[in-house]
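Peer 1: I'd like to ask some things about the structure below.
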Amino acid sequence: MMSVWSRRPHFLHLGLFTAAYVLGCGFAQALAIVPGTGISIWPPSGLFMATLILASRHSWPWWVLGGCLAELFSNALWFHNPLSVALLIYTGNVLEAVAGAWLVTWACRRPFRLETLQEVLTLVVLGAGIAPVASATVGSATLAWFGMQTFAAAWPLFWLGDATGVLIVAPLALAVLQNCGGRTQLSAARWMEACVLGLIFLGVAALSLSGHLPSAYIVMPPLLWAAVRFEFKGAAVALTLLALITVVFTISGTSQFVGDPEFQKQMQFALQLFLAISAFSVLTVAAVSRQHQQALLTLRDSERELSQLVDMVPSHVWRLTPDGEPTFFNKRMIDFLGLDVADLDKRGMSRLEAVIETIHPDEAIGFGDALRRSLATGENFALRYRLRRADGVYHWMSSRAEPMRDQNGRIVQWYGLCHDIDDQMHAEEALRRSERELQQLVDALPVHVWSWTPDGKLAYVNKRSLEELGLSGANFEGSTMVAQKLVHPEDAPEVLRTSANCLKAGDAFMMRYRRRCKDGSYRWMEGRCEPLRDQDGTIVHWYQVSIDIDDQMHAEEALRRSERQLQQMIDAVPVRIWSVRPTGGPIYFNKRYQDHFRAVIPNFDALGEPRIETLLQELIHPEDASEVQCTLRNCFDTGGGSAMRFRWREKDGAYRWAECRVEPRRDQDGVIAEWYGVSLDIDHEVRAQEALRERERELSLLVEMVPSHLWRVSPEGETTFANKHMADYFGLDVEDKPRMEAVFNTMFHPDEVDEVWDVFARCLRTGEPFSMTYRLRRHDGVYRWMSGRAEPMRDESGRIVQWFGLCHDIDNQVRAEEALRRASERLARATQAASLAELSASIGHEVNQPLAAIVANSQACHRWLSAEPPNVERAKITAERITRDANSAADVVSRIRALFRQTTNAKSSENINRVISEVCRLMADEIAAKDIRVETNLEPDLPPVALDCVQVQQVLVNLIRNGIEAMEAVVEGARALQIRSSRDDLHAIRVEVRDTGTGFKDADRVFEPFFTTKQHGMGMGLAICRSIIESHGGSLWTANDEARGATVAFTLPLATNGGSATMS
Amino acid sequence: MIKRRPVVAVVDDDPRLLESLENLLESAGYVARSFSSARSLLISGLSGLDVLITDIGMPGMDGFELCDLVKKVRPDLPMFLITGRHEIADADQAEGVSGCFRKPFDAQVMLAAIGDVLRKSKNGG
């Protein structure tokens, strides 16, 4: 029930249906001209059936209900039948409508459009013919039952009325119901035609039905016209109009079908028959017309499609006459060539020649020949050639043509198809090239490429492989044998076994083995073999590649060796190395580290993989452990390297300083791959550094505290350092540059300032060491004597880097020296007095000697005279000797007197050369007596000397006499005495007396007062000479000559420059 | 039997003193042998000498050195030192020396001292 309710039709449609049904009933009543015979035409049957045909079967109860209401309403209005009769008759009508609708839709399937002849016939036969049987039977039986009519009389009319109703109304209803949504627009011409037709139809119908024309059937031509031209809609409208006109005339009584009452029954039958025949004819014609129109339309469509197909097919389609003249090109071909068949005529040549002209010159002749041969023989034509496109570019085309023959086998036409294979040709060319390149590649590859069939037969060997194995390509079996023989005997069984297994199992093969080369040496090869499988997984082919990996194998071996060496090195280097992965993987420690752990940490091995924290606690000094741990964590967090110093424990429990450097190793992407750490024992270094720092501190302290000025100057002369002592002396701050400049500008005593700066500037310029004595101004304004020295420090290239200077206070020393000098002068005077005593002793000795001889001789003389008899002779001799000795003693005295006679004389400025010349003149006799030659070599223009002339003459006389006496013993050679004077240096002159005698035998003692080597010397000469010279401020010394003889030389200071040359 | 005259050797670098002493000793009946240096005495030899008189201040070997040397060879030989310098007169305390005379010395005293040592050595010997 719910489904019936839910599928209810639109109530507006239901209402309209009911209203139309009522109208239909009214129309039937109007045509019921024969009383008691019921109706002559029953339009509701057509309406009902058409509605059910179009409505869904589930909604049929609603339409039945609507129809029932309409019929009962009509019965009450017009028919006045008892209710039971009305219901039974309606039941018959329902049966008829349901049966008709069901049969029609069963026969024609939905949707039922009433467009084909089959549908029209189905409606006529099943809907109008068979279905009314039900209503006629039920209705007639009802009438008969109630005694209103006989069954036999009622049935035909009933059937015919219903059938006519169906024939007339059902098409109209179908047309109206189906087209109520969309309006078909008619052209103006069609509207005109419709109007003209309508007028003609109305006129003819009016004339014929009103009896002015002999037969009602004259109305048929306009009816058929409407059916032919306007098909079902025209037919339906015309039939409806016909029915209405008939009704009008029937009601008015002017109809042909109104006549005598006895004929009324027949007349009604005739009317029904007229309407039925008209309707049947018109519908049939409309259907045929419709079908014809449809066929025409279909044909046109198909022709258009075919034409489109020919034009749209992506190939050139063309047609030739049997003698080869082109008669058709499809659109693509026209577009391609840029000309149509008709355009070919304009060239002044045959069409075929014009076509050949568009073909590439290389293929044009071949094309013409092939086509003419095909035309002549009737063979199919097939050729590839290049065809010129409209823009002049040639495209490769594949063209085929076949002849069409008539029943007699005569060729009627040639049809050709030609498609663009330019891309394909290029692709094929590229493929061939790529194949050739691939072949070259395979041959050029420095590998051996072999391929095998699935059953293990050799299918391909590349060129290189053949060449290197020394094989010919033909004998593949031989290749296999040779290849097997070439494998190193040690590897061969394994290679054979593995390859056999792989072939059997279909697994990939990969092996490394040694293979003999042409030169007999074995090289490592890597052979790989893999199967190629098709979609089903079946092996199609085996491909094998053998690569020479000898270098790689050796490299790997070298790598392993180098790795081992590296490991040994890491274990051997005297540092401790560790590494750890950033993910916190196991820590690696080199052997030294592990030994260290074992030595320091008890049961270290039991720890397994110790955590860093544990090791830190165990190893590192408690004061350093936390910082080390913190630094390490910081490194791992930030990814930066670090270096830490800490103390670690050694096995004896003592702590030593160590340094650990941590660096990450990063991969190409910059991600940290590993952490490395190196720990070094730097205990010595740290302690040395400490000692060094201590020393530096001490040294710095020393520099600061040394009681001298220490300073440093750049090569340009800028003071870069001054020690504390210096700063304190000047009362300045070393950092205070301007003040320092001011101090430095005024620090020297005005007497020396220019000289000091000059010397210092010269030293800076030349690099020679600086050394000067000068006075420096102290901060309190007091000048103190200083001894300043500076030396340059040079780099490897000898360039001066810095000057270091030292300046110490010698003020006290200078003053002490001054005091000393004064004391010394006093001492000299005291010494002079002391040497007088010594001199007197010397004089005593000189006199005692002859006195002793005199005493002895006089005693002897006395004895000689006292003897018995007196020896007068001896006494005389002795007395003579006494006289001689006494004279000698007197000489001594007189010489001593001469020596000291003028000691008090003042010194005068004298020319030394003049003094020498005078002495030589005085001694000329003595010299001549000894047969000695004197040579004087005096430098002219010598400055005068302040001297005591007599004393210096005594010295010269003494020296000349010494020389003469020294040469007395010399027999051979010239006895020459040489006297020279010269400028000694700036401040002195020099005099030399040189003899050619025996020289000094004991040079150290010649100045001792009583030392003498002379027979008659008294050992005083040189001592006195020296004291005289020294009293003049000069010096006297002796020297032996290389060859022979001796030199005595003395210097005398110049008279003009009495003071010291130095400032001190 | 003829009595042998004692031999006295004198060493001095002053020829005048050597000459005067030789004269004196011969006047006293001795045989005098003069040497200008210690070296010439040692070359001549010490045998046959009865008394030695030597100067102290001489070039080469001086008187003290000569005495030390002679004492080793002839410990019995009486020796006298003579000197011109008063400052070294205390040298007479030198061991094994019979006497020391300062120039100019008293010839009588010297001859007496020589006579004494010769008599002592004769009695002792």
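Using the three backbone atoms N, Cα and C, a Cβ is placed for every residue, glycine included.
These numbers come from a predicted model, not from an experiment.
Pulled these features from TrEMBL for this protein:
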type	residues	note
TRANSMEM	A:85-108	transmembrane segment
TRANSMEM	A:120-145	transmembrane segment
TRANSMEM	A:157-177	transmembrane segment
TRANSMEM	A:189-214	transmembrane segment
TRANSMEM	A:234-257	transmembrane segment
TRANSMEM	A:269-288	transmembrane segment
DOMAIN	A:302-378	domain 'PAS'
DOMAIN	A:381-433	domain 'PAC'
DOMAIN	A:434-506	domain 'PAS'
DOMAIN	A:507-561	domain 'PAC'
DOMAIN	A:642-694	domain 'PAC'
DOMAIN	A:695-767	domain 'PAS'
DOMAIN	A:770-822	domain 'PAC'
DOMAIN	A:842-1056	domain 'Histidine kinase'
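Describe the structural context of each listed feature in the structure shown, including burial, neighbouring residues and relevant distances.
Peer 2: Long-range neighbours of the transmembrane segment (A:120-145) within the same chain, counting only residues 6 or more positions beyond its ends whose Cβ lies under 8 Å from a Cβ of the stretch, are 38, 45, 49, 85, 88-89, 91-93, 95-97, 99-101, 103-104, 107-108, 114, 151, 154-156, 158-159, 162-164, 166-167, 170-171, 276, 280, 283-284, 286-287.
Non-local neighbours of the transmembrane segment (A:157-177) in the same chain are 24, 28, 37-47, 49-51, 53-54, 93, 96, 100, 112, 114, 123-124, 127-129, 131-133, 135-136, 139-140, 232-233, 235-237, 239-240, 243, 268-269, 272-273, 275-276, 279-280, 283; each lies 6+ residues outside the stretch with a CB under 8 Å from one of its CB atoms.
Tertiary neighbourhood of the transmembrane segment (A:189-214): same-chain residues 221-223, 225-226, 229-230, 234, 238, 241-242, 245-246, 249, 254-256, selected by CB-CB distance under 8 Å and a gap of 6+ residues from either end.
Panel annotation: around the transmembrane segment (A:269-288), residues 31, 40-41, 114-117, 119-121, 123-124, 128, 156-157, 160-161, 163-164, 167-168, 171, 216-217, 219-220, 223-224, 226-228, 231-232, 234-235, 238-239, 242-243, 246, 250, 255, 257 of the same chain, lying at least six beyond its termini, place a Cβ under 8 Å from a Cβ of the stretch.
Counting residues of the domain 'PAS' (A:434-506) by DSSP class, helix then strand then coil, yields 43 helix, 11 strand, 19 coil.
When pLDDT is averaged over the domain 'PAC' (A:507-561), the result is 86.
Sorting each residue of the domain 'PAC' (A:642-694) by its DSSP state yields 12 helix, 30 strand, 11 coil.
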Peer 1: Could you give me three numbers for the domain 'PAS' (A:302-378), the DSSP helix, strand and coil residue counts?
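Peer 2: So the domain 'PAS' (A:302-378) is made up of 49 helix, 10 strand, 18 coil.
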Peer 1: May I have the DSSP-based helix, strand and coil counts for the residues of the domain 'PAC' (A:507-561)?
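Peer 2: In the domain 'PAC' (A:507-561), the DSSP-based counts are 12 helix, 30 strand, 13 coil.
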Peer 1: Are there residues at least six beyond either end of the transmembrane segment (A:85-108) with Cβ under 8 Å to its Cβ atoms? List them, or say none.
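Peer 2: Sequence-distant neighbours of the transmembrane segment (A:85-108): 42, 44-45, 48-49, 51-53, 60, 64, 67-68, 71-72, 75, 79, 118-119, 122-123, 126-128, 130-139, 142-143, 146, 148, 162, 166.
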Peer 1: Using DSSP, what is the helix/strand/coil residue split across the domain 'PAC' (A:770-822)?
Peer 2: 12 helix, 30 strand, 11 coil
Peer 1: For the domain 'PAC' (A:381-433), how many residues does DSSP put in helix, in strand and in coil?
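Peer 2: Split by secondary structure, the domain 'PAC' (A:381-433) comes out as 12 helix, 30 strand, 11 coil.
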